[in-house]
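Colleague: The following block contains the structure, expressed as structure tokens.
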Amino acid sequence: VGTKLYIKYHWQSQNVKQSGVDDMVLLSKITEDAIVENLKKRFMDDYIFTYIGPVLISVNPFKQMPYFTDREIETKCPVCICVHTYICMCYACGTYNPIGESGAGKTVAAKYIMGYISKVSGGGGKVQHVKDIILQSNPLLEAFGNAKTVRNNNSSRFGKYFEIQFSRGGEPDGGKISNFLLEKSRVVSQNENERNFHIFYQLIEGSSAQQKEALGIMTPDYYNYLNQSGTYKVDGTNDSKEFQETMEAMQVIGIPGDCQMQALHIVAGILHLGNISFIEAGNYGQVESPDLLAFPAYLLGIDQNWLQEKLTSRKMDSKWGGKSESINVTLNQEQACYTRDALSKALYARLFDYLVEAINKAMQKPIEEFSVGVLDIYGFEIFQRNGFEQFCINFVNEKLQQIFIELTLKAEQEEYVQEGIKWTPIEYFNNKIVCDLIENKLNPPGIMSVLDDVCATMHAKGEGADGTLLQKLQAAVGTHDHFNNWNSGFVIHHYAGKVCSGACKPGIKVKWLNRHKKHQLKFLLFPENLNTDKKGRPTTAGSKIKRQANELVDTLMKCTPHYIRCIKPNETKRPRDWEESRVKHQVEYLGLKENIRVRRAGFAYRRVFKKFLQRYSILTPETYPYWRGEEKQGVLHLLRSVNMDTDQYQMGRTKIFVKNPESLFLLEEMRERKFDTFARAIQKAWRKYIARRKYEQMREEASDILYNSKERRRNSINRNFVGDYLGMEERPELRQFLSKRERIDFADSVTKYDRRFKSIKRDLILTPKGIYLIGREKVKKGPEKGQIKEVLKRKLDIGSIRSVSLSTRQDDFFILHEAQYDSLLESMFKTEFLSLLCKRYEEQTKAKLCLTFNDRLEFRLKKEGWGGGGTRSLVFQRGQGDTAQVKPAGKNLNISVGDGLPKTSTQFSRASTRSQEQMYSTPDKRSRPPNAALPKLGSQKGRRAPAAQTQNANLDFLNVPDQGMSGMQRKRSISQRPPPAPTSRPKVQPRSHGPRCRSLYQYVGQDVDELSFEANEVIDLVKEDPSGWWTGRLRGKEGLFPGNYVEKI
């Protein structure tokens, strides 16, 4: 209804941690032990949801789970429970039924359902108002209808069927609540370690000082209705805060302010009524302390003396000879206590009904169109003392279990018949026999009929009523297989276990309070007119709950139900605590094994043809991405392509049925392998692209540092940045000077010059922390005497560097200026080093590193002892060739080098950014810069590129002038191949000796005509080219490689 649900599947969805199976239809063994073990695995790994086909299994985690946040709902990717909820909305009348024992999590599941529906549906003024009421009804009904029990800190002591009504556009525009059998006995008595309803404690803790004075509020231990169990607090519950939420909910729902205050008067009045005690005076009951009558009478709006009279006497109507006569009968002490408690229970029950009706009035709509029903009803209960309320609660759960069995089997049978699939009926326990034992009217009469008859005749005599009830039950149903006598009660064999019940306290009809309607709320609670002549036998609680249960069954049978089977893992209410025997018992009585067997019925998996094709189409090229033809034929083609045995599946009319879980697992594994292969190909291409972009960006940033300041070498303008030129991963002798996990940005072997301009090799290492200069010395003492060892010569912190000086020419010299003394270094990869150094310096100091460019540079020397110090100068001059010529002259070092590329040179054309983007999209290699270390300026293929690009335009004026005889001879030698050798001559062996070179670093070829090699490999040198791209032969393959990656040998 309304918004569509989009569920995104990720290719790695099955690569995450797996815990058991999420659909227990796919269990290899169908036993209670296997089911419990699967649930335990998932519970311990925080997977609280499992399912059996359309039935959800929810295990209470006793902690907040990150499944129902606003983010999950906004991304339309909620977990199981929300998906099930949304499925329900596809039906004109859908119901959602959480089932399980007390404390299993039914109420929380129902709240999440209503909250989810409220958030994903449409908006508008009226719609938003209904949404607010839906959400605010929860705290209000929980305050008046929930309580702490020994099994659950927030147990629902009433049942409700919340019907959310929708417009045709899928917007919630109405609703209705039906409540069932509030546990009224809890108002007057509680078991040990339990509490009364939450509202009593909320009122005591959360009311203001003025309200406490007006209502006579004391501490909880003062009231007899609260101090019986000795429990007043609940861990994790803030009664004061929840009282404010309850009052706010009343306001949102639209209850008038005076009615809100009168509701609090009734709650406080019930507490004060409980403190009224009675004594025996001449076989008659009498109020022990008449002073205690004043405050409850004031709060209830009735006369004090009249209240005393009605608590100690009752009016009986009799007929004799067609005449009616009323007689006032004085009650004994026991009867007076029953009357007081009956008054308190009646007041509370009618107040609860009033609140439910107020919610319904606020949400009512004239015409019902579409609806989703959420049933939140009390769970199966077995207490130490099981009274009438537990008897009724367990009866309703029997009825729901009966419906679950009937509808599940009915749905399964209809699906198999509709699809033409043969199946064998599954044996199961039909609990209709237990329902008949409780609710039958005649032949034989059920327990409720016998109970009504006893209550109508015994008139508030406790012990006599119990004995009479047991005698009549023995006579009526004593031979029933699911009924036994007990020493002080009777035993019923429910589907969830044996329950011992007793203590039939008679009900007393309260119908006199409406004569004193001083307040509006009292009139709404007691609208009956007692002056009428028609006075019959009042409806008993047993008859009422039986009628409500049957009405609920009729409603559910008209809808499309969806179930949550809630399981309580322990009695400690602590997370990650698993009680094996308790869970196994719940698995047994919930009928999960039978449900799985019915669901499978010989086939573990079923799916409509279209969805099956969508999921597994990737397995064959004919079905991916689309199957062109009949869907059934596409499924058959797919199954035959994966060689699945024909006895492992069966084709229905619209669905495919797979027999064993292992067959489905095989399909899933093949599907994941396909996705994995495709994903790896995409990742490889993407990573390659990202790496190229990254290196291009690094080169451009490095070029910007020297742009318009220093001439560039031809061989370095477009070189790849490797970073580690020393192979630090395999150099522990160098890593010993670094921290354990210190990352290396740059590592290279450089030349350092001392005060006499003597050169010496140093290993230069740049990390985010600093710069390391590592040299080598001969050990003079100890067992390692004479050996060469690595020594840390200098360490510079990044922040201590003041500036870096370079010349304007194409040399490789640079000076690191520091506070104590400077270092003169020469490195072929200075541009890469400087770019990384500038980046690290800016990260640490938040400032730009100062770079100085001049053809006369000075650097300070290190002071040594009494002498040393001073400065030295570098003078750069124009010379010949690309190699720098060094000539010391006293305190000066003269360096001459030929002209390099202009200072404005860069790897990309700054005039057009379009050419920069075409380097990855143009298929012709000749129209883009190479991806390797150097431009292929010397290759013949590269030299012919300009002619190929200008063939469509008349650009003859740009042609090179005639080269004369030498040029003609060169062209002829290139264009003409030598004639083939005679066949009789032996094949010429490859030349074994000639120019060779050794690779200094690893190089990975970027194009098909390039060589790839590792460090320290020997390459046959075929041709050297001034561009820097040399031609060589390695392992029988001839190709290009960068000359600055090798050294001649």
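Just so you know, glycine gets a Cβ as well, placed from its N, Cα and C.
Model, not experiment: these values are computed from the prediction.
The domain 'Myosin motor' annotation in TrEMBL covers 19-672. The ATP binding site feature in TrEMBL is assigned to Gly100, Glu101, Ser102, Gly103, Ala104, Gly105, Lys106, Thr107. Residues or ranges marked as region 'Actin-binding' by TrEMBL: 549-571. Residues or ranges marked as region 'Disordered' in TrEMBL: 881-996.
I'd like these features described in context: how deep, what's nearby, how far apart.
Modeller: For Gly105 (ATP binding site), the Cβ neighbour count at a 10 Å cut-off comes to 23, with all displayed protein chains included.
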Colleague: Among all protein chains shown, how many Cβ atoms are found within 10 Å of the Cβ of Lys106 (ATP binding site), not counting that one?
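Modeller: I count 28 other Cβ atoms within 10 Å of it.
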Colleague: What does DSSP give as the helix, strand and coil breakdown of the region 'Actin-binding' (549-571)?
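Modeller: Residue counts for the region 'Actin-binding' (549-571) by secondary structure: 10 helix, 8 strand, 5 coil.
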Colleague: State the mean pLDDT for the region 'Actin-binding' (549-571).
Modeller: 81
